[in-house]
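Q: Sharing a structure here in structure tokens format.
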Ligand SMILES: NC(=O)C1=CN([C@@H]2O[C@H](COP(=O)(O)OP(=O)(O)OC[C@H]3O[C@@H](n4cnc5c(N)ncnc54)[C@H](O)[C@@H]3O)[C@@H](O)[C@H]2O)C=CC1
Ligand SMILES: O=C([O-])CC(=O)C(=O)O
């Protein structure tokens, strides 16, 4: 059985994400959870003639049934930004939502691969980690912050400049998932040497603030949903390929706990400093999730400046997420 549960399945991301996941022949059960509208979304998707059974679950009374024994749990639940807001402004509402979903997962699907989309990702992933620790089921190889949209955007924006095929251009983007904590490593991308430093700066800024571009264009109607659904499905399906189909050599940048006792973590910590617990790094996926953390590789002086500018904000975000759980009454 390969059960994938989408929490927030009736939302702007949740619906197209579920549609993309319904196309996978590896998934046998697609479980859709939300506090509204899931019966309709599930009935609709269930008519698609692919392998997975689709079930809809609405409201917290049905959360256990929704999430129980999931192989993968994808969480795009919570509120999105409006113009003028930062991702951190979403913490007030989304931290509690993500905590409650993490509690259900820790109790009823402790072995699930957790893919966290809800913002602020820099803080919500530490929240999930702390919840799993409290339930003594924490495995840092199985909890991921989904930063794939940054990579997708970077491939698009850089390709536009250097004239390559966007779907095959791989641009490493490490760090976190908000503004200056998003760190594109363009010096490692062949073809960028022909760009001026001004162009590099501009495209770096566009990647870091790509989310704001969409928030502004949607003008109060939310943030990226369709591109996020694409990115989220790519990430979740890569996990499934690695775990279920045992495909090797799949590498994605994703925001993980560097405490993961896996090859490569120490090397990355040396580059970014020991006190940053979570960081998006290139990860090789395997049957247990994070198989190997790959080196970030050489970065140039401009990128070193970006790394330095990211550290304090990212650290603050991580502490805010962790302490939301550790400084509250025991769950
Ligand atoms: N990681 C990333 O790169 C990105 C993250 N996001 C984030 O994803 C989140 C969702 O965005 P949208 O889908 O646009 O929002 P949306 O408002 O369209 O959908 C969110 C869904 O979550 C549901 N929900 C609320 N509380 C819930 C709970 N306790 N349990 C289950 N479901 C619950 C809502 O009913 C709604 O259907 C936001 O926090 C947004 O900032 C958005 C884009 C990119
Ligand atoms: O910008 C937002 O609030 C949503 C998001 O994370 C993104 O599009 O990267």
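Cβ coordinates are placed from backbone N, Cα and C, and glycine is handled just like the others.
Remember, TrEMBL labels are computer predictions, not curated facts.
Sharing the feature lines straight out of TrEMBL:
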type     : residues                                             : note
DOMAIN   : 2-145                                                : domain 'Lactate/malate dehydrogenase N-terminal'
BINDING  : 8, 9, 10, 11, 12, 13, 14, 34, 94, 117, 118, 119, 228 : NAD(+) binding site
BINDING  : 81, 87, 119, 153                                     : substrate binding site
DOMAIN   : 147-324                                              : domain 'Lactate/malate dehydrogenase C-terminal'
ACT_SITE : 177                                                  : active site, proton acceptor
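Are these features on the surface or tucked inside, and what touches them?
A: A C-beta separation below 8 Å, combined with a sequence spacing of at least six in one chain, links residue 119 (substrate binding site) to 78, 80, 81, 87, 90, 94, 177, 178.
Take the CB of residue 177 (active site, proton acceptor) and look out to 10 A: across all protein chains shown you find 27 other CB atoms.
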Q: Cβ under 6 Å from ligand 2: which of the binding-site residues 8, 10, 81, 118, 119, 153 qualify?
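A: Among 8, 10, 81, 118, 119, 153, near ligand 2: 81, 119.
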Q: Per DSSP, what is the residue tally for the domain 'Lactate/malate dehydrogenase N-terminal' (2-145) in helix, strand and coil?
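A: Counts, helix then strand then coil: 65 helix, 28 strand, 51 coil.
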Q: May I ask for the distance between residue 118 (NAD(+) binding site) and residue 153 (substrate binding site), taken between their Cα atoms and rounded to an integer number of Å?
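A: Counting only the Cα atoms, the answer is 18 Å.
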Q: Which has the fewest other CB atoms in a 10 Å radius around its CB: 81, 87, 153, the listed binding-site residues?
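A: Lowest Cβ count within 10 Å among the binding-site residues (81, 87, 153) is 81.
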